[in-house]
Each structure stands twice: as structure tokens, then as C-alpha cells.
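What TrEMBL says about this protein:
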type     : residues : note
TRANSMEM : 43-67    : transmembrane segment
TRANSMEM : 88-109   : transmembrane segment
TRANSMEM : 121-141  : transmembrane segment
TRANSMEM : 166-190  : transmembrane segment
TRANSMEM : 196-214  : transmembrane segment
TRANSMEM : 226-246  : transmembrane segment
TRANSMEM : 292-315  : transmembrane segment
TRANSMEM : 327-349  : transmembrane segment
TRANSMEM : 381-407  : transmembrane segment
TRANSMEM : 456-476  : transmembrane segment
TRANSMEM : 523-544  : transmembrane segment
TRANSMEM : 667-691  : transmembrane segment
Amino acid sequence: MSTTYVGPDSCDACPGNCNAFGISEYDCKDSFFGGVPPLPQGYGYGIVIAFGVFFSVVTSFLVWLDYRYGGTKQTSEQFNTAGRSVKTGLIANVIVSEWTWAATLLQSSNVAWQYGVSGPFWYASGATIQILLFGILAVELKRKAPNAHTMLEIIRARWGNTAHKVFFFFAIMTNCIVCAMLLLGGAAVTQALTGMNLYAAAVLIPVGVIMYTAHGGLKATFMSTYLHTVVVFIALCLFAFEIYAVPKTGLGSPAVVWEHLMAIAQRGGAHKGPVANNKEGSYITMFSEGGLIFGVINVIGNFGTVFVDQAYWMGAIASKPSASYKGYILGGLMWFSIPFTLATSLGLASVALDLPLTKAEAGSGLVPPAVAVYMLGKSGAVWITIMLFMAVTSTGSAELIAVSSLFSYDLYRTYFNPKATGKDIIRVSRYAIVIFGMLMGVLAIVLFEIGLSLGWVYLFMGIAIGGAVAPIYMALVWSKASAVGAITGAISGTCLGLMAWLVTCQAYYGSINIDNLGGDYPMLAGNLASILSSLFICSAISLWKPQNYDWQTTREIPTVDEDLSAHAPMTGDDSPEAMDRAYKIMLYVGWGLSITLVVIWPLLALPAGVFSKGVSGQEVGQVDEGECIHNLPSARRAPPNRFSTRSHTSQCLPLPSLTPRNDFADFTFWVILSITWGLLATIVSTTLPLWEARESLWTVIHNLFTCSTPTYDDEQSGAAVPGDFAKQAFPAPSFGNLANLEKEEK
């Protein structure tokens, strides 16, 4: 049933606070979740605990099958790098999973609620280009540091211990911010939907993740990310079709959503009206000052959370050389669909239905749950809770294994036990996973108590870690970059970013407090100052006193356990010559797609002004039944079902519309593009990893049902040729002055 505009004054009980489309259950409400949660508290504990245990058991079982029947040998290299042999499809899924935070699902719809169609676009494009450009570093890592376990090993091999310690601080701070955002969003939504205690949710959500990550390491993380990503994509498609193809929700088509958004912008609703600083106050235009400012902050801030986050380096380290750049290109394009499709659906629907969401609720990421509850009732709340749980746990698992690598390789092995064995590394990695996993919940609780929302922390992260982006990027791509330039640039950039943030807040608002510091202009100034000043300082000092580095010491970074990937000759698509070609391809593709997403696409959409509905042949002023504004309400009665609206008589007035100018400017085209992108991403993410792993899957299934296990030689296929490792210096010459192990043994 299609709802029609009746205005916020259409009810007698609370004129001015009536649902603008006659959905009487939301009349006189000042907030959506101010009352009783849609699900009982037991649902929250059930989902968090039961799903946590379920995925821990399933993932651990899959890892056991691989070790028992697949011929994989568990070593520290396997635990932390997954054998450096992961193929394109799974790497792409890993990238999607690692980049799908709670903020991706929640904050993207918040900016759609705030700015209209520009919000989902800028969220998606502004956070996709970092993945595409990181593909360049993924290729360079395979060319210049093939045996590295962490990005900080590369920093230390090139710039020494001082730089290593500085960037260790930035890396750990990045992991803390990301984990805090995961639990800020996850716990807040779980509480809103189920009434589960906020602190209990923050502490219990990581428990299941800790169990399977500590057991199976990076391979367990990758296996779980596949399962989680598939669930997220299925839910995404469900909500998109529910909004744009099911009339009983009160919407049912892009045309109806367009009409509702135009009505809210031009005539106002009970809870939303015209968008300040958008062209004509419209929600369906790329002419949005707020959307553009958010886009700039999003682009800058997310460079830090990709380039400085060890979790994204883990994907590059674990991949086959030929899969490194392909996986990041495919992963970036697949991930684009999640915020773009989901927020174009749920975010715009929240405005088109005039749901009683407050600014505080939207800032806490409650826009998607509100729409899901309206459309599907309890089942919608369950879907959102599960979807969010999948995102939080999969990203949390990646963060845990990343932190464990930093502590085991860059702290324990480097400064406490340089001769650590593979067993030592695994033991310390597991300690780090458990300890940091529990501290994740404590950190989220601290931020709750301070009063910081998910949106606030999301915008702030670029200020805190943006100074480290340029030096880390230069470590692999610019031979002149020096240690002094890198250290000075990172520290100075962060300090200048914080200074610009505070000064702008005082100058613009007249006072400094949490709310003012979260404003658009202070956050914009801080993010810009942090990353650009670091880039300038690092470049200037390096040009003044260049290092002229040849990356020899990064190529000498050793493995700990025997690892065939560190010794076997690379041929075909994995050969050095092929990787040289891949680097050139990645430069063109990475930068080309990035420029397309953040420059060319927006410029193509700007001439449209306010998007037309997209109905071919319709002329300006032409009116049909779907375009009537019904503004004469009559007697009100309780709706017979949850989608019924108030009965009313009507006077048919034409809703102003624009003649379609080109397909790209049509709202219908925009919606179809977003849904198509989401469907293709769902198909690829589901099928490609299975197809690429078909031989391994067949081996496991065959050995399982024939009750046979791999021979010793089969088990060794994942390890180095016996004796080769003893010929390596440990640590490598660049990691200190220890003598060669062979000499020590003699």
C-alpha cells in the first residue's frame, strides 16, 4: 500500500508532530526507540552468545579439517600469514569484511538521513579509493618485502628502531580506535533493539571472536570472514528489495521514494524538512555542502585507517603475489556496494517515511534499525542485529590477529626475544588476542562514559592517525624518504591536526566542548591539517636530506618457521617480471578508478541539480495519482494493520518536478545502479572463493570420506625445503648485529 503526504498537522492529538504520510503509529512520538525495544532482552544475549559460540565452533572445525585432511601444517608462519597463498576471491572477501565496520552499516545511513543521496555516495566513494590505492602497496610489498609479517618490520628494516617505535604507537592507536568504533556501534544497536545491557554487549561481543581467532589464527579469520560477508550481502539485498520493490512497506518503488523525499524537502515533515545548504533543500541532489564536507573528511580520515591499520597489510601479506592487486581492486569495488546500496535504501527510506528519529539516535547509528523495525517488525530487528554482529565480529577478528602480529613480531621478537621460535610466536600471539580482545570492551565502555558517539569517533580518527599515512606510503614507494622526515612528518602532522581542530572549534563556535568539536568545520580542518602537513614535512625533509634507499634490507626480512613461500621460485603470474607489470597496471587502475569515483562521477551528477524521478515521457506539471499531495485529512481511526494510514479526503495538487535530462540524473537510474551493484557483489563474494578453492575443498572432502590423511610429503607441501631456513640469518642483518646462525652453531 502506497502512503501519501498528509502533512505534520494532520492529526488532532499533536498538530505539528504527526507523521507526514499518515503512519499513525508514529504520531506524537519524539523518538523512535524511546519506548520499549522491539525485541526481548533474551534475543540480544541469545544472538551475541549463541552466534559467537556457533561461529567459533564452525570456524574451528573448518580449520581442523584443513589441518587434518587438507595437508596444512600449523606453524607460526601459517598462523600469522596463512601460508602467503590466499587467492583473489578470498582476499577480496577479506577486504570487504575488514572494511565493513559497524560504521559502514550504521553511519552511512546516518549521512543519508542528514544529506540525502550525496551521503551514501560520499561514504562509499570516499572510503573505497583507499582500498584501491592500497593495492599499489600490496604489489610493492610482494616486490620489496616478500617475507614481511607486519608493516612495522618494513619500517624497522628501512628506518631503524626509533621510527619503528614511533609508528608502533600509531599502529596500536589505529587498532584501538577501530575496535572502539566496532563496539560503540554494535553495543548501542544491540541495546536499542533488545534492551541488552550496554556494558554486557560491549564485553560479550568479542568473546566468540577471541575463541576462534586464538585457535586458528589468520586462516580462521579468513574462513569466518567469508561466512560473515555472505550474510551481510544477503541482508543488504533483502533490505534494498524490501524498500524499492515491496509496496506494502508504504514505498515499493524508486518513484514513490522520490515523491516522498520531494514532499519532505518542499513541504516538511514532523521530524525532517529541507536540508540546509542543499540545492533547493532537496535530499536527491549532489549539490550538498554538508555532503561534500563529509566526503572530504571521509577521504582523508580513511587513509589513516587503511594505511596505518595492520589488518589491511595482513591481506597483502597472506595473498599470492598475483592475487594481491587483483584482490584489492575487486574487494574495493565489492565493498562500495555496501554503504552505497544499504544507505540509499535504509537511509533515504527513514526520511521518506518521516520516521521519528532524533539527531542523537541517528548519530548513534540507529537509522537502519528504525527502518528495519518499521518494515519487518521483529524479524527486521533480528536481521539488523545479526547483520551488525557479522560485521563487528569479522572485523574484530581481523583487528585481533593484526594486534597479535604487532605484539609478537614487533614487540616480543624484536625487543625481548630475538631468537624466538615459531612456538614462542604462536604462544605470544594467543596471549595478545585474548588480552586485547577483552580490553576492546573496556575501551568501548570508557568512550560510552565520556559521551562520544560512533559518528564523533569516526570523524576524529583522521586527526589522530592521519599524520602517519604519508610516511608509511613512502616507505615502499619513494627511495628518497628518510627516517628523520618520516618521524618528523608523522608527529608534527598529528600535532598540527589537533591544533587546527581545536583552534577552528574555538573560532567557529566560540567555545570548545564535545559537541562543538564534532562539528563539520573543526573536523574538516583537523583532518586536512593532519594529513597534508605530514605529507609536506616528510617530503621537504626527505628532499633536503634524501636516503636513496634500495630496499635490500626489507628483502632480507626472514621468516621464523620454515615457509615454502619464502624460498620457492615464483613463476608465471607470480614471477618478478609479472609483478613489475602488475605494479604499472595497478598505478593506472588504482588512480584511474579513484579519480572516477571522487571527481568524474560527482561532476557528471552536478548538472542535474535536483534528480528527476526518472519516468520517461513525463512532462513538467503533468500529474498522476501517485503525484498528488493529499492535504485535507478527515476522521482518524486506528489502522487495521501496521502499514495502514489515516483515512482522508484529498485535494490533488501537482508536486513540482523536473523534466528528465539524462539517465545519469534520474533517481530511478541511481537506485537501479545501487541495487545492481549490490547484486553483482553478492554473487561474486559468494561464488568466486568457492570456485578458486574447489581443488582444496575436493581434497578435504575426499580424505574425510575415505578416512585417509595426507602423507608426510603432503604435509610438507606447505613448508620450506628442510634445511633452507638454517641458511638464513635470524634475525636478518638489517634487524641487528647478531651473527649468522650457522656460525653460532659452529
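The backbone N, Cα and C atoms fix where each Cβ goes, glycine too.
Because TrEMBL annotations are produced automatically, they should be read as predictions rather than curated entries.
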Any contact between the transmembrane segment (523-544) and the transmembrane segment (667-691), i.e. 3 or more CB pairs below 8 Å with pairs at least 6 residues apart?
no
The transmembrane segment (292-315) vs the transmembrane segment (667-691): 3 or more CB pairs under 8 Å:
no
Are the transmembrane segment (226-246) and the transmembrane segment (456-476) close enough that 3 or more Cβ pairs fall under 8 Å, when only pairs 6 or more apart in sequence count?
no
Selected stretch (most C-beta pairs under 8 A with the transmembrane segment (88-109)) from 43-67, 196-214, 381-407, 667-691
381-407
Quick one: find which recorded stretch in 43-67, 121-141, 327-349, 381-407 has the most Cβ pairs under 8 Å with the transmembrane segment (166-190).
381-407
Look over the recorded stretches 43-67, 121-141, 327-349, 381-407, 667-691 and say which has the most C-beta pairs under 8 A to the transmembrane segment (196-214).
43-67
Honestly, do the transmembrane segment (667-691) and the transmembrane segment (121-141) touch, with at least three Cβ pairs under 8 Å and pairs 6 or more apart in sequence?
no
Do we see three or more Cβ pairs under 8 Å linking the transmembrane segment (43-67) and the transmembrane segment (381-407), pairs being at least 6 apart in sequence?
yes
